[in-house]
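Enquirer: Dropping the structure in here first, questions after.
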Amino acid sequence: MASSTMALSSTAFAGKAVNVPSSLFGEARVTMRKTAAKAKPAASSGSPWYGPDRVLYLGPLSGEPPSYLTGEFPGDYGWDTAGLSADPETFAKNRELEVIHSRWAMLGALGCVFPELLARNGVKFGEAVWFKAGSQIFSEGGLDYLGNPSLIHAQSILAIWACQVVLMGAIEGYRVAGGPLGEVVDPLYPGGTFDPLGLADDPEAFADVKVKELKNGRLAMFSMFGFFVQAIVTGKGPLENLADHLADPVNNNAWAYATNFVPGK
């Protein structure tokens with residue numbers, strides 16, 4: 001009796017075959033091609049952050065959310081006055097951009113504050129202010145990572161630029177492609193080796209973690225914007241600006257600087 005073969009063909013399983021009893025298909029040869037599924041919504045039935053009864057942007061004072069914002073995805077508070085999420089493809093793209101920018105902003109905000117915090121507590125490692133640190137590469141001695149010459153000693157801005165392009169490009173390509181074998185279904189939440197703490201093991205808890213990530217990420221993006229403005233206006237790091245404000249809140253605040261700010265000075 002001849003046997004039938006069902007060949008599962010995909011980027012992850014290319015070349016593998018699964019034998020199927022002939023009683024199911026007779027003499028037929030069935031070929032099935034596996035494609036990456038779209039990311040599933042993170043709706044959580046018991047969470048206040050999802051579904052039609054979720055928390056909205058103004059609480060009980062919120063108006064009726066747009067029909068296309070159904071509470072399926074994390075961070076949906078029913079607010080879209082500009083209609084940016086009306087088109088499903090644009091909505092999916094913007095969701096991905098927001099999550100990626102949120103993660104970079106959280107890392108960036110920590111990187112802006114932590115070196116300055118260490119320097120203010122006596123740790124010596126060169127320039128601690130985030131927007132001044134990179135310029136040390138143009139100094140005669142170059143740039144020592146963490147102020148330690150035994151770590152990475154950089155002297156060429158072109159070499160750093162090339163490393164950034166190659167390394168970050170490779171990481172982003174790895175993410176978009178779903179890993180080396182294309183086995184990752186959702187590039188935003190790949191799981192597996194990218195989740196060593198097992199945060200995604202419990203679907204209910206994972207749905208809430210996604211909301212927390214976006215909340216903190218949105219705050220981090222606003223923080224980074226504030227750090228940029230502070231750097232342009234005051235020429236100081238975020239912690240030094242905070243210390244100045246606490247020491248003299250009347251003369252060191254956004255209003256005082258806005259009314260006295262002269263570009264280029």
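Residue numbers in this text run from 1 along the chain shown.
In case you wondered, yes, glycine gets a Cβ from its N, Cα and C as well.
Here's the feature list from Swiss-Prot:
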- 1-32: transit peptide (TRANSIT)
- R33: N2-acetylarginine (MOD_RES)
- T35: phosphothreonine (MOD_RES)
- Y57: chlorophyll b 1 binding site (BINDING)
- W79, S85, E98, R218: chlorophyll a 1 binding site (BINDING)
- 99-119: transmembrane segment (TRANSMEM)
- H101: chlorophyll a 2 binding site (BINDING)
- R103, I152, L181: chlorophyll b 2 binding site (BINDING)
- Q136, L146, E213: chlorophyll a 3 binding site (BINDING)
- 151-171: transmembrane segment (TRANSMEM)
- S156, E172: chlorophyll b 3 binding site (BINDING)
- Q164, F261: chlorophyll b 5 binding site (BINDING)
- Q164, R175: chlorophyll b 4 binding site (BINDING)
- K212, Q230: chlorophyll a 5 binding site (BINDING)
- N216: chlorophyll a 4 binding site (BINDING)
- 219-239: transmembrane segment (TRANSMEM)
- H245, A254: chlorophyll a 6 binding site (BINDING)
Enquirer: Taking the Cβ of E213 (chlorophyll a 3 binding site) as centre, how many other Cβ atoms lie within 10 Å?
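Expert: If we count other Cβ atoms within 10 Å of E213 (chlorophyll a 3 binding site), we arrive at 18.
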Enquirer: Near the transmembrane segment (151-171), which same-chain residues lie under 8 Å Cβ to Cβ, leaving out any that are not at least 6 residues past its ends?
Expert: 137-138, 142-145
Enquirer: What is the interatomic distance between the Cα atoms of N216 (chlorophyll a 4 binding site) and Q136 (chlorophyll a 3 binding site), given in whole Å?
Expert: 31
Enquirer: Using C-alpha positions only, work out which of the binding-site residues Y57, R103, I152, E172, Q230 is nearest to Q164 (chlorophyll b 5 binding site).
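Expert: Going through Y57, R103, I152, E172, Q230 one by one, the Cα closest to that of Q164 (chlorophyll b 5 binding site) is E172.
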Enquirer: Which whole-number value in Å describes the distance between the Cα atoms of the residue listed as 'chlorophyll b 1 binding site' and W79 (chlorophyll a 1 binding site)?
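Expert: With distance taken Cα to Cα, W79 (chlorophyll a 1 binding site) is 6 Å from the residue listed as 'chlorophyll b 1 binding site'.
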Enquirer: For the chlorophyll a 1 site given as W79, S85, E98, R218, which other residues of the same chain have their Cβ within 8 Å of the site's Cβ centre?
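Expert: Apart from the listed residues, the neighbours are G75, D76, Y77, D80, L84, N94, L214.
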